[in-house]
Structure formats: structure tokens, C-alpha cells
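Feature list (source: TrEMBL):
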type	residues	note
TRANSMEM	12-30	transmembrane segment
TRANSMEM	51-71	transmembrane segment
TRANSMEM	77-101	transmembrane segment
TRANSMEM	113-133	transmembrane segment
TRANSMEM	145-166	transmembrane segment
TRANSMEM	186-212	transmembrane segment
TRANSMEM	224-244	transmembrane segment
TRANSMEM	322-347	transmembrane segment
Amino acid sequence: MNSLNRAMDPIVLIAIGYCLSFFMAINIGGNDAANPVDTAVGSGVLTIRQALMLFSLGVFAGALLQGSYVIKTVGKGIVPTIPLAGAVATILAAGSWVLIATLKGMPISTSQSIVGGVIGVGLGMVLKGELSLSDLNFGVLSNIVLSWIISPLSAIFLSLILYMVFQKHLIKLETTAGGRRVIRMVMILTLLFSAYSFGANDVANATGVYLFVTSKYLGLPDPYTMFILASIGAAGIVVGGWSIGRKVIDTVAYKITKLDYGTGVVAEASNSLTVWLFTTIPSWLIGYGMPISTTHASVSSIIGVGIAKYGRKWFLSSKSVVLKIVFSWMLTLPITIIVGALFYYVIGLLVGGL
């Protein structure tokens, strides 16, 4: 065991960790690419290929310009110093669960997956005596959990309000070729903004846990470290969206509610605003952007327009799909906490205190 520990050079482990982060980013792209592109595809405004091209541009812009807002939260906001073994354990726990869900076509929360992994590692460190329970930042954690509750409700509320306010105008625009072109352009702009917001929020789920160890072993200040991590995460997310994202896009775009041009643009606007606000405003106020579930925001915005347009008939026709999605959400946090703690224990036995 000691010889294995000596052989595990920290730089080698960081390189392995970056590969695992890229793997996690691919899974995030595969599961969450649906969030910005679902309404544009489901309403028939864009093909999946066209939507994914815009998604790629928006994700890179958001990750590089605002990705640091949430990378800081995941990297240092919950557990003050995540060791190398903890970073690897978190990525393995979250990445495995997200991959399983993606292959099943279930849009789960990658934010909950990574936060669950971080909590599991933190609890593992407490059980091993490496941290005290008071070292965990329950203030930030409670804000994160609260944002998980408020953000989907906000997305539903925004969709309802926007649809009611613009319903007559949207119906009028949909009746003419020129009006449909206007809606198409608005949809493209909202998709880009949604992908930007998604990149700013979700890139931390792939790479945020490596903030401390990258700064420590490579000797880089946090701003440079966060730019490197954001670049790695954005590249992986784009690869995942193109390679394995179509199954979840199909679930969210077509199976929750029937979307047309009007409901599609409203849902996209609601989703993008919700994600951007929860990424940006808390960072300005308390120094930590909230790693909300962009999946919850996206699905909730579609639920909102479904309720606004179809009322009770929507629930009767879509309840089985929605309940299946909600059930997968409920499993995410406890599973990743347990698996994260177990991975941390096993990796700790292999590599010691790195």
C-alpha cells in the first residue's frame, strides 16, 4: 500500500482527475443539453443539430465569462478544502449516477449529483477525523437547498406570467409567416441566453471540486485556475451534448407537453432567466453563485406553459412522465451522498492523504 501511495504523484493524480472531470462534463452535456435546447426542438423552431450548434456557442461563453461564480461555491463553499482523493471521489460518484440516468433518458439534476458527492466526501472527512462537523459550511449548503426549492417554482411562475401576458400577441404572431419568423428569431436569442446561463451554472458541476487541489499543486491563483477548469468543463459539456444528448432531449422536448412556437419561446425565456438570476444575484450578494438544477428549471418552465395553455388536461396526459422524472430527482441526492462517502473511503485507502 505504501509503494502504491509513493507511486501516486499528485500531478499524475490531478491529470487523472481532469480526465474524470472531462468524463463528468460529457455526462452533464449528455443529460443537460436538453435544458437550453428542448423548447426550440420541441416546438419545431430548430432541428436538434441546429439547436446543438447554438448550445455549443452559448455554453463556452457562459462558462468562460461567469463560470467562476459557481465553481467557487462547489470548490470551497461547502467543504473548505476538498483534498485530491475527495475531488476524485466526488466526480466518480456524481458521474456514475448521471451516466446511468442519461442512458435511461432521465433528465436528473447534475447539480444535485455533484453537491451530493461533495456532501458525502465532507461527511467522510468528518468520520475519519479530518474535519469537524462545524467546518462544513451549513449556511451555504442551506442556501443551495433553498435555491433547489425556489428555482423550479420560480420557473413555473415565470412561465405562467409570461404566457398570460403575451398570449394574445403570440397567437397573433403564429398566424402569419412574418410573425413566425419573429418568434423564430426570439427563440434563437433565448436559446443562446439559456445556453450561456447553463454554461455559467453547470460547468462547476464538472470541475469545481478541483479548485483547491489545482491551486495547491500547480501554484496558480484562483482566477487562472477557474478559467482553466471552466475551459475543460465547457469542452466536455459540448462533446456530451453532441454524442449522447439526443435521448434526454427527446424526453423533455416531446414527452412532457406539446410545444408550439408561442409556448416554446415562453418556456425558453423562463428557463434562461431563472438560471441566470440564481447564478448571478447570489454571487453579487453573498459571494457564491447557487448551483441550482438547470434540469429542474427547464422541466418546470415547460410544466408552467403546459398548465397555462392546457390546464387540468395537461396533468392528466403528462403525469406519468412527470412523476417518473420527479422520482429520479428524489433519488439523486441520497445516492450520491452515500456513494461519494464510500468512494472517498476506498480512494483514501489507496492513496493516503493526498
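Cβ coordinates are placed from backbone N, Cα and C, and glycine is handled just like the others.
TrEMBL entries are annotated by machine, without manual review.
Highest Cβ pair count under 8 Å relative to the transmembrane segment (224-244), across stretches 12-30, 51-71, 77-101, 113-133, 186-212: 12-30.
Sequence-distant contacts of the transmembrane segment (77-101) (same chain, at least 6 residues past either end, Cβ-Cβ under 8 Å): 10, 13-14, 16-17, 20-21, 23-24, 27-28, 30-31, 107-108, 110, 113-122, 124-125, 130-131, 135-137, 140-141, 144, 205-206, 209-213, 217, 288, 328, 332, 335-336, 339-340, 342-344, 346-348, 351, 353-354. Among 12-30, 113-133, 145-166, 186-212, 322-347, 186-212 has the largest number of CB pairs under 8 A with the transmembrane segment (51-71). Just going by CB pairs under 8 A, the stretch in 12-30, 113-133, 186-212 that sits most against the transmembrane segment (322-347) is 113-133.
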